[in-house]
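J.: The structure's right below; bear with me while I get my questions together.
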Amino acid sequence: MLGRKQSLRGELLPYEVAQEETNNESVGVDWMNKLWMKRLLRMSALLCLCSVSLNTPKTFELYPFLRPITFACDLVTGLLFTAEMVVKINTRTLLKGEDSYLRDRWCLFDTSMLFFLWISVILQALELSALIYNVTLFFLFFMSLYGLLGVQFFGELRNHCILNDTDFEHITVNSLTIPDTYCSMDSSSGYQCPEGTVCIKLKDSRYKLGFNGFDEIATSIFTVYQAFSQEGWVFIMYRAVDTLPAWRAFMYFTTMIFFLSWLVKNVFIAVITETFNEIRVQFQQMWGQRGSQLADIVDARAPIISGDDRGWKLVPTDATRHQYRTVLLFLPVLNSAAFHLLLMAAILANGLFTASMSFKHDGRPRSDFYQQHYYIEVGFTVFFNLEALFKMWCLGFRDYYGRTIYKFELLLVIGTTLHLLPQFYLSVLTYFQVLRVVRLIKASPLLEDFVYKIFGPGKKLGSLIIFTMCLLIITSSISMQLFCFLADFTKFETFPEAFMSMFQILTQEAWVEVMDETMLRTSETIVPIVAVYFILYHLFVTLIVLSLFVAVILDNLELDEDIKKLKQMKAREQSAEIKKTLPRRLRLFEKFPDRPQMTRLHKVPSDFNLPKVRDSFVRQFMLETGDDEDLPIDKSGDDSKGNSKVLYRKKQPLRLLNSVISTYVTGTNQKQNAITGIINESNNQRLLLGDSGPIPIIGTGKQGAAGQKNRQDLKKGGHRSFRGSVKIKQTYEHLKENGDLGAMNRTSTSRRTPDIDIKLLQAKRQQAEMRRNQREEDLRENHPYFDTPLFLVPRESGFRRLCQRMVYARYCPRLKDPITGKERKLHYKRLHNLVGLVTYLDWVMIFVTTLSCLSMMFETPRYRLCDHRELQIAEFGFVVFMSLELGLKILADGLFFTPKALFKDAAGILDLFTFAVGLAMLCWMPKVVPQNSSAQLLLLLRCLRPLRIFILVPHMRKVVCELCRGFKEILLVSILLIVLMFVFASYGVQLYGGRLARCNDSEIKNRDQCVGVFLRKVFVTKMKLAPGENETHPAILVPRVWANPRRFNFDSIGNAMLALFEVLSFKGWLDIRDVLIKTLGPVHAIYIHIFVFLGCMIGLTLFVGVVIANYSENKGTALLTVDQRRWCDLKKRLKIAQPLHLPPRPEGHRFRAFIYDITQHIYFKRFIALMVILNSSLLCVSWREDQAHTSLLATISSCLSFVFVAEVSMKMIAFTPHGYWQSRRNRYDTLVTVMGLVWAITNYTMGNDLSHSFGFVAIILRFFTITGKHATLKMLMLTVVVSVYKSFFIIMGMFLLIFVYALTGCLLFGTVKYGESVGRQANFGSTPRGIIMLFRIVTGEDWYKIMHDCMVLPPFCTPGANYWETDCGNFTAAMIFFCSFYVIITYIVLNLLVAIIMENFSLFYSNEEDALLSYADIRNFQNTWNIVDVNQRGVIPVRKVKFVLRLLKGRLEVDPQKDRLLFKHMCFELERLHNGEDVTFHDVLNMLSYRSVDIRKSLQLEELLAREELEYIIEEEVAKQTIRQWLDSCLKRMKTVNIHDTVCSPPNFFVVFLVSFPSPDVTQFSDSFLLLTEGAQ
């Protein structure tokens, strides 16, 4: 058993407990221990924090009276805490003694800033510092990697198109093109400036050009971090596309988003969640004790049991208190379902009626739009007030107020009643009215349980919300104090402004603008510090705080350990149940009369091996006699008697040898006896042949009694579990050749058996499956047209068999030898598995479908299918191939009324749909396609063709099935978010409907004055360039318009819901905030902040939690306990572990041993790692042929290449070339070293940009070797690599969905006019551009702006006769298109990547204290194996296992002297399982893993039973061997010494013992063997 490493740290006491202990030591000062003093100190700390938040010049300018108040608060707080410190120092001394003031960490925290107190306490409580440090290193590795790549790929991106007549030394805003564009000086790539302009490189300061770019490594990492946050990255990519070849930018930014934003970023979620789970397990006992104390308090309103002659029932105690007869009469009304339905209908009607409120801007006063709603709302309010009074009257006010739900209803009653007052109507009190909708959650028990599961345990979630708010308040105060003195900068002038700015960074919406604007107003020396400050804050709140929300929700969704075990048993019982009935399409044949095809036997049954006699034939033959009541035949479909377990139970072995009943009687008896004889003979032969078909027990009298007795025996012995399956050869494997019939009793019945008999469940499942197969066979026998494709192709015809061979033909990799059963060693094993993944026909159709999709990708609104012959040929080829495929599958398996019909599931329907659409398109080929016509609908349906690959590839089909299985939880989360949006949207309509419209001229405040035209500035560039002398900013004349904001309004519930849905993605909420502040005042900004916090930070994390939980459930890990999950991770970890490809130290060669010691020394490895870092640091600036520093850096890099050549040479000398080449890492090092050597040669011979590019590639490849030199970086890299490998089909599925949406977007919005976000670089003009656009939308980059650009309608666009002749969009189609795409991809599919990363992180991450086998233990075994396996083959003879076991140290250590019996068991286990042949690395490691864990806690039930039985057999065999050896030694001693004393008595006793127990009880036999084994040792 493994010994666990105990933590050396003591338990961390809560802050208040530590304070109490400290205060108890200073009992000399009584007033310090008073409760009022503690509260006063806490209040003083809060007042001090408030004063800090108010202490800015702008605040004092607005509110002068706050200056003396803040001064007084600071003075009083300072005096109080100074007095506390003086008293503590006087009582405990300053330094002298163990309890001195400065030696108490809590006292040190009291004297520090509150911010550092919070951070330190949180880090100590969660113990995250070490692991987060390692993950941060891993994050910095990727940041450095992409920073170096950016420097060498792009360099300075400062090329702009400038007017020809511009003074290049003085560039102004009027010198740029409108809009400003980047350009390329190379005519073969990038964007070329139009006529009249020239492309030049600007050389102004960063304060004008911007702080991002790839000039050098610092700026490059700064830019990479901005792009990693998925904020503004697409504009940087467009700059690179316009300046350099486009492939660089696309490859660089897409891989960076994938690895950094989608993989590495989610590793933080895995770290937080894993650590949170560990903390939960550690503190579970403490929380459990608190919960038990609360449970001991009996609720006075708990229901009690009330009984009478008619039965027992639970009755609430409040129902027994009423003594008034009238109240008792109305209690059934209160508890009736009709009353609750009436309330739910009223609440729903109230919500729908409120949602019908809408506003128009037609000059009418706003009150005209809600006047009628007011009076109807009065009626609803009166109704709900009467409801509350009725409940109070029935229950009494005390009992009514004692229930939480009624408290909430009473609050709504009071709030809505006040809301009806004219001065409060449509005010903040509107919240009480719209919150009535929340009561609808009670209408769905499933939704109510889900809400309670998430928000019921509010301790953790509430604490996290409080922590987040405190963090925001503290950081806002600090930021305000740091930046409130910046000139012309309002974001940090006051505390509300600072709070909104820091909250904006938390949501990641335009957080780069806050940072850039702050940096622009600081000096050059402080700019890096400001950047680091905002980046650290953004890193902490986005990667840790938001991950904590995910961890808390996942923890709430996690089940308790006991509930997991119960659900495991229930899941096993459900898995044993299988659908016993046939599908309805097959049960149709049961409606028709039976027409079996009969046969005549000319031989007696004993002359040949008789096949099984069909039950349908027997039943029909015997039903014709009319005496079926005398023959107890149990039909297979009747389970009412509960005999389903026995119907298909094999007969007893001794009964199989009975002779055939051969009585000769006339009439009914003759028929019964003949049939019984035939069936018995058939069953006997089938048992001997090993058939597993159903065997009905037919008999009368004693046979029936025997069958009933067998059932009782089965029930009594249900706890006995046997190895094997229900098949005859395995069930009756106790029929030994020597006639030993008692071997079946030698099983592990001495073990304590679980509550569920796994064998019984497996037998039940197989019996149910056999029943179903039997019914299918009956239909096949009795109905000639059953299983006949199209009712024309004969069932057993050669033509059908040919079609079946063509349909099901596939490549078989033959991974196991068919004779020996051993795995064959194949090169490129994964390639063989990939080829054998699907049939040859499916491979052909995958290829054809892919070619067809590629041809569709070339179609554009200008290059259409109906006008180009090459596209028509591709379409014709796809339809022809799919016709052949469907024809073969229909002829082989049928269309609908066959067991394996083509249309047996949704996949077949989608195939038919795809074929029908393709055939209709090929036949119609419309040349006139108006917008929103049936022809355009056909083209849109044709875009679904790539989804067929989901059906053809099994793994992708599995991904879809997993998503569909979790649809229920996803639907519940969606309903919750819709309710939340409805509440806030209804509130927004009532408060802001009709009030947000304004004039586009900001100087006009009145609608009557919003007429005429005005000059409006035109946006030119983001650079901070001002007009020159005698110049003005470019502007155009614009007509004044009074209208709502462009992208949102709250005039109706639909528009409000759309606006809030956009806000759910953290996008667009700043526009709503700014409009509310500017139009209605700063107070109304609270509305959108609350919605963002609740909807985004809590609501969206529900999606992450639910998707992860569903993924775990589908993988089978959701119901595993902590120990079982660790065991599963350990098995996967051991499967990945490989023998060390490191030859042992050459003891016989001095020089090689000397070199070997050098290469394995820690200082040598650190030196090589330092050289790798030094070599990579040479790429911190761009290498260009025209730059002076390039030659020097290239020379240094060439010299370092020879250092790596020396490293490889030394390792080859130490390991020999053959031993060196065994390691894949050494092969990679050799490849990179050869490239470096070639680079050194080409640098001296060529020295141009081509050679520099080659050297840059070699250095980057060398940089990857850093991860293999650090254990944690290697673990995290393995997590990412394995996550990419396991998520391959998910990534492919996501790409297919993007491809389908790109084809659809090209048809719907390919010609839409350019707008705010749709432009030259971002549009749906072609499918490739659409893919890039959708990839941008996946990251959330201005997706809502693109959607509104695609919603443009006349008169703001020009209609056309065909969809390619108009530049208009489609409002409804755009809303469905973009919203569905964003939800499916961003909220669901991307969260699957998070689930995979979390799964693989738990696989590779192991805590030394909690791991079953840590990496150190596995490394110890690898080193030991490397010593024994001299030839580095990964295989050793089984006799050498004992050497491996003796050499092991640590947790895996086995002492042959102290643990002799365990040592023998381990050796014999490998000998038994491998028949004395060679054993592999994983064989020994797996055996040690089983012996090193508590199998009762770690193993699941099926695996536990199998392992216990194996261990028992091993114990028994080892005991036998020990006794045999001991007896042999005694006999030899007797013969040699020839003395008959006490030595002779044990052999006689043992012989008598062995002879007297031919079939001993397992418990006695095992115990006796163990005792004798100890004596023999």
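Note: Cβ is positioned from N, Cα and C throughout, glycine not excepted.
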J.: In TrEMBL, one of 34-50, 374-390, 1054-1070 is tagged transmembrane segment. Which stretch would that be?
T.: 374-390
J.: Please report, as numbers and ranges, the same-chain residues at least 6 past the borders of the transmembrane segment (132-154) whose CB is under 8 Å from any CB of it.
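T.: Distant Cβ neighbours of the transmembrane segment (132-154) are 214-217, 220-221, 223-225, 228, 240, 243-244, 248-249, 252, 256, 259-260, 264, 267-268, 271, 544, 1176, 1179-1183, 1253, 1256, 1260, 1263, 1266-1267, 1270, 1272-1273, 1276-1277.
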J.: Is the transmembrane segment (374-390) in contact with the transmembrane segment (461-483), using at least 3 Cβ pairs under 8 Å (sequence separation of 6 or more) as the test?
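T.: These two segments do not touch.
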J.: Before we move on, state whether the transmembrane segment (1371-1397) and the transmembrane segment (249-272) share at least 3 Cβ pairs under 8 Å, counting only pairs 6 or more apart in sequence.
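T.: They do touch: at least three Cβ pairs between the two stretches lie under 8 Å.
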J.: Using Cβ atoms and a strict cutoff of less than 8 Å, what residues sit near the transmembrane segment (1250-1267) while being 6 or more residues removed from its termini?
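T.: Sequence-remote neighbours of the transmembrane segment (1250-1267) are 141, 144-145, 148-149, 152, 1169, 1172-1173, 1175-1176, 1178-1179, 1183-1185, 1190, 1194, 1197-1198, 1201, 1204, 1225, 1228-1229, 1231-1232, 1235-1236, 1238-1239, 1242-1243, 1273-1274, 1277.
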J.: For the transmembrane segment (327-353), what are the same-chain contacts with Cβ under 8 Å, counting residues 6+ beyond its ends?
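T.: Tertiary neighbours of the transmembrane segment (327-353) are 319, 373, 376-377, 380, 383-384, 387, 390-391, 393-395, 434, 436-437, 439-440, 442-443, 982, 986.
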J.: What average pLDDT does the predicted model assign to the domain 'Ion transport' (840-1115)?
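T.: Computed over the domain 'Ion transport' (840-1115), the mean pLDDT is 90 on the 0 to 100 scale.
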J.: Under an 8 Å Cβ to Cβ limit, what residues of the same chain, 6 or more beyond the ends of the transmembrane segment (526-554), are close to it?
T.: 128, 132, 211, 218, 222, 225, 229, 265, 268-269, 271-273, 276-277, 454, 460-461, 464, 468, 471, 475, 482, 502, 505-506, 508, 511, 514-515, 518-519, 1097-1098, 1101-1102, 1104-1105, 1108-1109
